[in-house]
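Engineer: Questions regarding the structure given below will be posed in turn.
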Amino acid sequence: MAHQAHAYHMVDPSPWPLTGAIAALLMTSGLAIWFHFHSTTLMSLGLALLLLTMYQWWRDIVREGTFQGHHTPPVQKGLRYGMILFITSEVFFFLGFFWAFYHASLAPTPELGGCWPPAGITTLDPFEVPLLNTAVLLASGVTVTWAHHSIMEGERKQAVQSLALTILLGFYFTFLQALEYYEAPFTIADGVYGSTFFVATGFHGLHVIIGSTFLAICLLRQIQYHFTSEHHFGFEAAAWYWHFVDVVWLFLYISIYWWGS
Amino acid sequence: MAALGRLSQALLRTSLPQSRRQLSAAAAAGGHGGEQSAKTWKILTFVVALPGVAVCMLNMFLKEQSHTHEQPEFVPYSHLRIRSKRFPWGDGTKTLFHNSHVNALPDGYEGHDE
C-alpha cells in the first residue's frame with residue numbers, strides 16, 4: 001500500500017467543481033431568460049444543481065477531514081488562509097456598495113431635491129427595529145464566542161446550547177429584517193435611495209442566512225462528535241464568517257440607517 | 001467596536017495549541033483564557049447580551065404604542081417609484097415586498113383617489 005512522504009492533502013478527482021460552474025452558468029443565464037422570456041425553468045435547474053453541488057462537495061470535505069484524517073496541521077493552515085482570503089474578498093464586495101451609498105448621499109443631485117434623504121423619502125427610525133437588530137447580532141457574537149470556548153474546554157452541553165442560541169438569534173434578525181422590508185414606506189424602486197438601501201441590506205441579509213446555515217451545520221456536526229477540543233476548524237470558519245456579518249451590519253447601521261436618516 | 005475586537009481575537013486564535021499553552025500559563029488574568037473562559041462568556045451572554053436584546057425589545061414595544069399608523073402623503077415625484085421595466089412577477093408594477101398600505105404605485109395608492 002502506498003504512503004505519502006509529506007503532510008499535505010492531494011485531493012482525489014471530484015466532479016463538484018464542474019457541476020458548480022455549470023450551476024453558475026445556468027443560474028445567470030436563467031436569470032436573464034426569466035427577465036426577458038418569463039420562464040423560470042433554467043434558473044430553477046441551476047439552483048437545484050447549486051444546492052446539490054454544495055451539499056456533496058462539503059460532505060466530501062467533512063469525510064476527508066473528520067473521518068479520513070487528511071486535515072493535518074499544514075493542511076489546516078491552508079484552510080485558514082483560504083477562509084481569511086474569502087472573507088477579505090467579501091469585504092471588498094460590500095465596500096463597493098458602501099462606495100455607491102456614499103457617492104449618492106454625500107453630494108445628492110438636484111433630481112433628488114439636493115438633499116439626503118431625498119425629497120419624499122420617509123426613512124426608518126434608527127432607534128426602533130434597526131437598534132434591536134444591532135443588539136441581536138452583537139448578542140449572537142457573544143453567544144458564538146461562548147460556543148467556541150465551550151468546544152475548546154470539552155463542554156459538550158454548553159457548546160450545543162450556545163451554538164443553538166446563536167442560530168436562534170440569527171433567525172430572529174432575519175425575521176425582524178423581513179418584517180422591516182414589508183413595512184418600509186419606501187421600495188427598491190425609489191431612486192438611488194431605494195437601490196442603495198435594499199441592495200446593501202439585502203446582500204447583508206443573504207449573508208446572515210448563509211452564516212446561520214453554516215452555524216447550523218456546525219451544530220449538527222458538534223452533536224455528532226465531529227469536533228475535538230483541539231481541532232474544530234469548520235466551527236472556527238463559521239464563527240469568523242459570523243463576526244464578519246456582524247461587523248458589516250454595524251457599518252450598515254452607522255452609515256445607512258443612522259447617518260443617512 | 002466590540003465586534004471588531006472579537007473578530008481580531010478570533011483571528012488571533014489561529015495558532016490554537018500554542019496559544020492555549022500560553023493562556024493556561026497566564027490563567028491568573030482571570031477570564032482571559034485557560035479553563036474559565038466558557039463560564040465568562042456564558043455569564044456575559046445572560047447578564048449583558050440577552051438583557052440588551054430584551055431592553056431593545058421593550059423599547060420597540062413602547063414606541064409602537066405611541067405610533068400613528070397613518071399613510072405617508074402621496075406626492076407624484078418623478079425621482080421615486082421608478083418603473084423603467086416591468087418586474088418579472090405578478091402584473092409587473094409591484095416590488096417584491098410591496099405593502100399597499102405604505103407603498104404607493106406611480107399613480108398613487110391603490111384603491112384610493114389621491
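Note that Cβ sites are derived from N, Cα and C of the backbone, with glycine treated the same way.
Annotations per TrEMBL:
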type	residues	note
DOMAIN	A:4-261	domain 'Heme-copper oxidase subunit III family profile'
TRANSMEM	A:16-35	transmembrane segment
TRANSMEM	A:41-58	transmembrane segment
TRANSMEM	A:79-102	transmembrane segment
TRANSMEM	A:159-177	transmembrane segment
TRANSMEM	A:197-220	transmembrane segment
TRANSMEM	A:240-260	transmembrane segment
Engineer: Taking a Cβ cut-off under 8 Å, which residues six or more beyond the ends of the transmembrane segment (A:159-177) line up next to it in the same chain?
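Structural biologist: The answer is 129, 132-133, 136-137, 139-140, 143-144, 146-147, 150-151, 201, 205, 208-209, 211-212, 215-216, 218-219, 222-223, 227, 242.
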Engineer: Find the average pLDDT over the domain 'Heme-copper oxidase subunit III family profile' (A:4-261) in the predicted model and report it.
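Structural biologist: That stretch averages a pLDDT of 97.
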Engineer: Let me spell it out: take the transmembrane segment (A:79-102), skip the flanking residues so only those 6+ beyond its ends count, and list any with a Cβ under 8 Å from a Cβ in it.
Structural biologist: 71, 195-196, 199-200, 203-204, 207, 233, 236-237, 240-241, 244, 248, 251, 255-256, 260
